[in-house]
Every structure is written in C-alpha cells, then in structure tokens.
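J.: Below are the structure tokens for one structure; questions will follow.
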Amino acid sequence: MSSPAEYYHSLPPICKAYGTLCVAVATVCSLGLLDLSILALEYKLVFSKFQVWRLITNFFFLGTFSINFGIRLLMIARYGVNLEKGPFERRTADFLWMMIFGALSLLVLSAIPIFRSYFLGISLVFMLVYVWSREFPNSQINIYGLVTLKAFYLPWAMLALDVIFGSPLVPDLLGIIAGHLYYFLTVLHPLATGKNLLKTPKWVQKLVARWRIGAPAINRAQPERTTGVAFRGRSYRLSD
C-alpha cells in the first residue's frame with residue numbers, strides 16, 4: 001500500500017492542482033486568514049469595480065473542513081482522477097479544456113437569477129461526476145453501503161440524497177446541466193452529425209505543451225462509432 005505522499009505524487013496534474021488549491025483555500029478560510037467575501041462571485045463587483053479574480057476564485061471554495069468538504073474532495077480523487085487517467089489519458093489539454101468549458105458554462109448559468117450562486121466549486125465537481133457517469137455508465141456503484149446502482153444513475157442518486165439531507169439543490173443541478181452540455185457537444189452531437197462543435201482550442205494545447213503539463217500526447221487511430229449509440233462511454237473523441 002502506497003504512502004499518502006506516494007499517492008499524492010501519482011495523481012494526474014489537473015486534478016492534483018485543483019484538489020490542492022481547494023484544500024489550501026479551505027485551510028486559510030478555516031483559520032480565519034481569508035475573508036470569503038473576497039472570493040465570492042459577485043457580478044456587480046466584477047463589472048463595476050473590475051474585481052475579475054472573482055470569476056476564478058469562487059471555483060476553489062468547496063466549504064470549510066467538514067464531512068461535506070471531505071465528500072467533495074473524494075469526488076475529485078475518485079471520479080476526476082479516473083477520468084483524467086482513463087478516457088483522458090495523455091489528453092491533458094482536452095481534460096483542461098473540459099474544466100474550462102465547465103467553468104464558463106457555470107458562470108453563465110449563475111447569472112440567471114434562479115441559479116444564482118456565489119461559489120461554483122461544488123457545481124464544477126458535480127460536473128466531473130456527471131461526465132464520469134457517462135464515460136463509465138455500466139460501472140456498479142455502492143452508495144453508503146445502502147444501495148448498488150449503475151454509474152449512469154449516480155448523479156441523480158446523489159442529487160436525491162443531497163435533497164434528503166437538506167443540502168441545496170442548485171449546485172448539483174448546475175453541475176448536471178454543465179456536464180450534459182459538455183457531453184452533448186463532444187459526444188452525442190458528433191455521433192449524430194459527425195461534427196465536433198467543441199474542439200480543444202489551440203491555445204489550450206499550446207499552454208499544456210509549453211508548461212509540459214501531464215504526459216505527452218500521442219497520435220492514435222480513432223475508432224469508428226455507431227451513430228445513435230448514446231451513453232455507452234467512449235475511448236476517444238472524433239479526430240479534429
């Protein structure tokens with residue numbers, strides 16, 4: 001069994017960086033060293049006082065140290081890491097772009113009054129869960145030792161549990177919407193039309209290559225996919 005340090009070093013770069021920043025923010029907030037209001041997504045302050053950092057910092061707050069914080073961190077460690085090491089292996093730029101697209105989608109959704117949220121970190125984590133459930137739809141998941149179900153239904157089961165335990169509905173729902181939008185544009189729509197509307201931008205690929213983030217990408221033949229076969233996971237996306 002590996003030590004905590006060995007496990008940490010084995011984590012893929014994007015999930016490692018995101019999880020580390022979330023822990024760092026929780027630490028300084030729990031110690032009272034940082035005022036949460038500085039991190040919160042306040043569109044009025046973003047546009048009137050140009051506090052643009054709020055568009056980014058709100059994603060790194062998953063709550064102060066608590067059981068709920070631990071659960072969200074475990075979601076990153078399990079579902080995010082499985083995505084980055086599985087379907088996105090050697091495709092760090094694509095994984096980073098998924099996170100960026102998810103964050104942008106959540107920012108737009110949060111501007112709608114009924115979806116108003118000051119911190120979107122939980123929603124971004126839930127988006128990872130949703131995408132994972134579509135990549136591994138037939139995996140068996142045991143929830144709290146109470147029920148076993150296919151991974152395809154995991155986001156909805158977790159949403160129901162949050163409602164039962166009195167947690168807010170909106171963060172999970174936003175994550176599901178953003179996750180489905182990403183999956184539709186990168187998998188379902190290309191399957192139906194043969195056109196990928198959400199290719200990873202060149203600037204993201206150059207950023208990853210410039211900073212040598214993750215393992216180098218390799219060229220692999222893209223397997224043919226049958227149109228109309230939805231929610232069965234995938235190995236690779238359609239080629240550019």
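A Cβ is built for glycine as well, from the same backbone N, Cα and C atoms used for every other residue.
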J.: May I ask you to indicate which of 53-74, 207-228 is given in TrEMBL as transmembrane segment?
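T.: Checking TrEMBL against the ranges 53-74, 207-228, the transmembrane segment one is 53-74.
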J.: Which range wins on Cβ pairs under 8 Å with the transmembrane segment (95-112): 21-41, 53-74, 141-161, 173-192?
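T.: So the stretch in question is 173-192.
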J.: Counting only residues 6+ away from its ends, which parts of the chain sit with a Cβ under 8 Å from the transmembrane segment (53-74)?
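T.: Residues 18-19, 21-27, 29-30, 36, 38-42, 45-46, 103, 106-107, 118-122, 124-125, 167 contact the transmembrane segment (53-74) from elsewhere in the chain.
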J.: What residues in the same chain, six or more past the boundaries of the transmembrane segment (141-161), come closer than 8 Å to it by Cβ-Cβ distance?
T.: 126, 129-130, 132-134, 169, 172-173, 175-176, 179, 231
